[in-house]
């Protein structure tokens, strides 16, 4: 009876040892599987973060380019306005100079015409006087 009891204990111990080994193998396999899943999740997370960082970088780059474009556009507009203002001033100055020149020329022509008119008047007057004397 004692031997049978020892044999049962021995069988139970072997069975227990076998089940423990089987459980350790299953546990190790499950652990390996979970580690693989965790690595995959970490890789996917890393890729997603990398893509998001690239997207943010591209967005930032696009915003910087847009800001530069707007700045350049504003500078160009300011330059055009300044050029228009300078051209307007030059045109006004040129028109004033031309007006003064035309007024001077007109005054000279008026003076010449007045002088001719005066000479013609005096000639006619002398002619009239001469004709009166002749009469």
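Yeah, the Cβs are placed from backbone N, Cα and C, and that goes for glycine too.
Any TrEMBL annotation is an automated prediction that lacks curation.
Residues or ranges marked as coiled coil by TrEMBL: 13-40.
With a threshold of 8 Å between CB atoms, no same-chain residue lying at least 6 positions outside the coiled coil (13-40) comes near it. Confidence for the coiled coil (13-40), expressed as mean pLDDT, is 96.
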